[in-house]
Every structure is written in structure tokens, then in C-alpha cells.
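Trainee: This is the structure I have questions about; it appears just below.
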Amino acid sequence: MTASTNTLTITRPDDWHLHVRDGEAMRSVVPHTAAQFARAIIMPNLKPPVTTAEQALEYKQRILSAVPEGMAFEPLMTLYLTDNLPPEEIVRAKAAGVVACKLYPAGATTNSDHGVTDLRKIYPTLEAMQREGLLLLVHGEVTSSDIDLFDREAAFIDQHLIPLRRDFPELKIVFEHITTREAAQYVTEADRFVGATITPQHLLFNRNAIFTGGIRPHYYCLPVLKRETHRLALVEAATSGLPKFFLGTDSAPHAAHLKEHATGCAGCYSAHAAIEMYAEAFDNAGALDKLEAFASFNGPDFYSLPRNTGKITLVRESWTPPDSFAFGEAQLKPLRSGEALPWKLV
């Protein structure tokens, strides 16, 4: 890393948690990620979900076809865990270059209805993943109606993550988009088989952002933004230098009219300015010197993949993201639209 007061050059980063959808909508958003990141872990929660190696490879080709000419970008593919995903598919996935499987508790978030209803049902598949070296990516929230929305992550640790670690001690697990002090502490104290991603919105904002001046649906994501004490714990984890924590935007594009709705869907779109927002968060914490490891080194090291060799440069220059982007035939409202951002990718 090279840095001055107003310029920051780091190894080209990767995004270890990304949604790009499919079809024409996908073609609208892939260029934003490809402009910033060399690789990205692609979430499999399409309709229908990506549950076979063959489907993953077909999806990968569709994503690659949306990468603008002259840009180098590698989608890293995942499978969607269901109650019925057979262990044999894990072997085929490994051979096809799939790197991970995603665990969505049924009903936890967007397009998760096919998710796992009982972890015991997938133990043979998890055993195959541990044996083959595929990572387990978890949306760490319980879905029981008797658990408060803001407590679902902490409950997931006690009810599911601790038993998973006990029963599969050498299965690498990524606790995705952590949002709480409890999650940060759990990952910090866990062994080398546990890592975590953190989004830009959870580093920059607390739950007040959803309600300032009225309901602000474009700040609504799952897991939802939490109290300021939790945000500060996430900043401390991200800037700690610990290799367990790494960049994962969870950038989740939705048509604006489906966000600005009586039952608006969850997800923040950050791919247009992701690395700039991470730089802002690290700068606010006085920890720009820790950004490169978080954004560019910790993720590939955890996945046992080579680090990138290219560089990107950010400058301290105010700019304002547009109010909207095309999203297929609809419009997409990005996170921080119309707001001045202090760092800019050049």
C-alpha cells in the first residue's frame, strides 16, 4: 500500500459477498463491480436457486458475458444449500471450480424460501463439503417469530453456529455480513476455520439511518442495521488487522419501485461506490493503513486463493453518486445517491 494525505493505492480488492441477479438486470450491475474488484463471490439465490454445478457454470458464463470489454473480472461461484442437496453434488461442484455453498435459513432474506429448514437434514452434505474443501457461507440469523428481529444474529450463534463448529471442526465457515458486537467477538475468539465479511453500510451507519427524516427504504437490508454500539464493534473488528475479517459488500440490487413499497424488499445496492465507502469508513476510524489487508489480502488468504497483483488508486475528492441507474427495464437507486462521498476511485 502507498498512501499520502489525499491519495491511496492498494492491491486490487475482491468482493466476498455479491448479488448480481440475472438477465438484463444483471447486465446493468456487473460493470460496477468489475470496475472495482478482480473477483467476487456470487450469491446463488436466483429464482430458481443455483443448486447444481452445471447451473453454476452456466450462470458464470452469463455473468462473464456482462463484463465490459477490457475489464478483467472473475466470478467465484457458489451453490444454494437446500434440505435435499445431495453430497454427490458437492463432489461435482468441487470438480467444476465452485468454491462454496450458501446456507440460508428458510425465509431469512430475499429469495430464501428454498433454504434449509433443519441443519440436521444437510449433515451428510456438510460432511462432503468438509472433505472436499468447499467453504460454508452462512446468513447468520434465526427465523423464529418469537425472536426479536434485532436479536436474530446473536441467537444464531448460540443455536446453530456453535453446534456447527463442534460437529464440523475443519469446515471453513464465513459468517457473512456480521452486524453485532456478539458476532465480532465470536469470530475474533474462534479458530482459523471461521471468518467474517462486513458490509460498507454496517461500518458507516446505525439503525437511525433507516428512520432519519422518514422511512428510508434504501437503507433497509437484512441483517438490519443495528445500534451504534454494534457499529463501533464492527469498525473495531474491520480495522483490527485480524485476518479473520474481510470485505463483502452484500450489494443487493432491487428495482426502486420494489424498495419504495408498502412491503419493500431488503437489500442495499453499494457496488457503484463500494471501495470508496470502505475507504471512508476506515478513514473515519483513522485506519486507512488497515484497508488493504481487509479489502485485498484477508479474503483470498482465507479462501486459499492467490492475492491479486493489480493496483487501484483512490483520491480524496468529493463526488456524488447519481440518483439512479438503469436496472434492466426498471431503475435502481444506489446507496448514498445524491450524497457527497469523500473518496473517489480513479
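From the backbone N, Cα and C atoms, a Cβ is placed for every residue, glycine too.
Features from Swiss-Prot:
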- Asp250: active site (ACT_SITE)
- His17, His19, Lys102, Asp250: Zn(2+) 1 binding site (BINDING)
- His19, Val20, Arg21, Asn45, His139, Leu222, His254, Ala266: substrate binding site (BINDING)
- Lys102, His139, His177: Zn(2+) 2 binding site (BINDING)
- Lys102: N6-carboxylysine (MOD_RES)
Trainee: Whole-number Å only: compute the distance from the Cα of Val20 (substrate binding site) to the Cα of Lys102 (Zn(2+) 1 binding site).
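Mentor: One finds 15 Å between the Cα atoms of these residues.
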Trainee: Could you measure between Asn45 (substrate binding site) and His19 (Zn(2+) 1 binding site) for me? Cα positions, answer in whole angstrom.
Mentor: 8
Trainee: Determine, from DSSP, whether Lys102 (Zn(2+) 1 binding site) sits in helix, strand or coil.
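Mentor: The residue in question, Lys102 (Zn(2+) 1 binding site), is strand (DSSP, three-state).
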Trainee: Mind computing the max CA-CA distance among His19, Val20, Arg21, Asn45, His139, Leu222, His254, Ala266, which the record assigns to substrate binding, rounded to whole Å?
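Mentor: Those residues reach a largest Cα separation of 19 Å.
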Trainee: How many whole Å apart are the CA atoms of Arg21 (substrate binding site) and the residue listed as 'active site'?
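Mentor: The separation of the Cα atoms works out to 12 Å.
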Trainee: Which one is it: of the binding-site residues His19, Lys102, His177, whose Cα lies the shortest distance from the Cα of Leu222 (substrate binding site)?
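Mentor: Comparing Cα positions, the closest of these binding-site residues turns out to be His177.
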Trainee: Could you tell me which three-state DSSP class His17 (Zn(2+) 1 binding site) falls into?
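Mentor: Once the DSSP labels are grouped into three classes, His17 (Zn(2+) 1 binding site) ends up as strand.
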Trainee: Which one, from the binding-site residues Val20, Leu222, Ala266, has the smallest tally of other C-beta atoms lying within 10 Å of its C-beta?
Mentor: Ala266
Trainee: At a 10 Å cut-off from the C-beta of His17 (Zn(2+) 1 binding site), count the other C-beta atoms across all protein chains.
Mentor: 26
Trainee: When a 10 Å sphere is centred on the Cβ of His19 (Zn(2+) 1 binding site), how many other Cβ atoms does it contain?
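Mentor: Within a 10 Å radius of the Cβ of His19 (Zn(2+) 1 binding site) lie 23 other Cβ atoms.
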Trainee: Can you grab the distance from the residue listed as 'active site' over to Lys102 (Zn(2+) 1 binding site)? Cα atoms, rounded to a whole Å.
Mentor: 13
Trainee: Which ones, of the binding-site residues His139, His254, Ala266, have a Cα no more than 10 Å from the Cα of His17 (Zn(2+) 1 binding site)?
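Mentor: Passing the 10 Å Cα cut: none.
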Trainee: List, in sequence order, the residues of the same chain other than His17, His19, Lys102, Asp250 whose Cβ lies within 8 Å of the centroid of the Cβ atoms of the recorded Zn(2+) 1 site.
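Mentor: Neighbours within 8 Å of the Cβ centroid, excluding His17, His19, Lys102, Asp250: Leu18, Ile41, Met43, Asn45, Leu137, Glu176, His177, Gly248, Ala252.
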Trainee: If you count Cβ atoms within 10 Å of the Cβ of the residue listed as 'active site', leaving out that atom itself, what do you get?
Mentor: 27
Trainee: Any idea what the Cα distance is from His254 (substrate binding site) over to His19 (Zn(2+) 1 binding site), rounded to a whole Å?
Mentor: 10
